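This report refers to the structure that appears directly beneath it.
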């Protein structure tokens, strides 16, 4: 248990909350009061002078019927109060113990705090299935995120996400790999661009290699990503990069020997929630509605089967991802996603590339 001293303090409170009636008072009080009483509120009820307690010399005076009735009623009130306070003290002890036990369990087995550094407002809780959930919060003052303590060179990375419900326009929720912020950085993105209520959430996939980006494929999600958790996966190996949604491959970015590819710079895994009003929704036309803040996106079920930079390869599964390429069925899901849900393909954007489309566009 993480802080046993806290439980000792609660137990001390329970014992101090009671006091035993002195022996020379007990014979007079036993008919109308419990053995212990709550201190200090009701202790004065039982105070008597020394002569009243010396029954060996002076027998107690006889009580009238009305005095007996008042004394009996007074004793019942104290008994009831004692029982109520004892029950409350016990409830406090149990609640404190459970809270400490939960904190100890969370601290001992946390995928978030074991593997990641956090920034901004990041909270954790355990859902009904017992899984730890990391919740990122965005308000007008700050976004939030977490990034892996280790860096990787190739791997399979997966997480379950539940996105922001309702009007999430202008917000961007991310799951991505990055080597840093320099001009020659590498990056592999899955970015979820918020929407106005009733509009589809857009998944933006992108690849940066040696600072060369502009490789976006964007898809309207064919489900409500805020209603439940869905699984998003990046497979990055020396041959290609695969993007998967709920186990289905929706994009393959191939490596060509003469073109930039992220194969030399180790990357950390990131998850972020931030204000992308200038860009995210309808090309920046719909900004964040701060009256609906804070916005919260939830992550759970994270796994990484990857090669740690400077270390060994391994993690949550076999190493089949290292040579993984789409099979015929997976090329079928890629074509299905492109035909039905793709809203932007950089290889179709001649206006963006007036000098000619990137060379990989003619090789796919």
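Glycine residues also receive a Cβ, built from the backbone N, Cα and C atoms like all the rest.
The range from 90-113, 114-137, 138-161 that TrEMBL describes as transmembrane segment is residues 90-113. Range annotated as region 'Disordered' by TrEMBL, chosen from 26-48, 49-71, 164-186: 49-71. Just so you know, the Cβ of residue 187 (active site, nucleophile) picks up 20 other Cβ atoms within 10 Å once every protein chain is counted.
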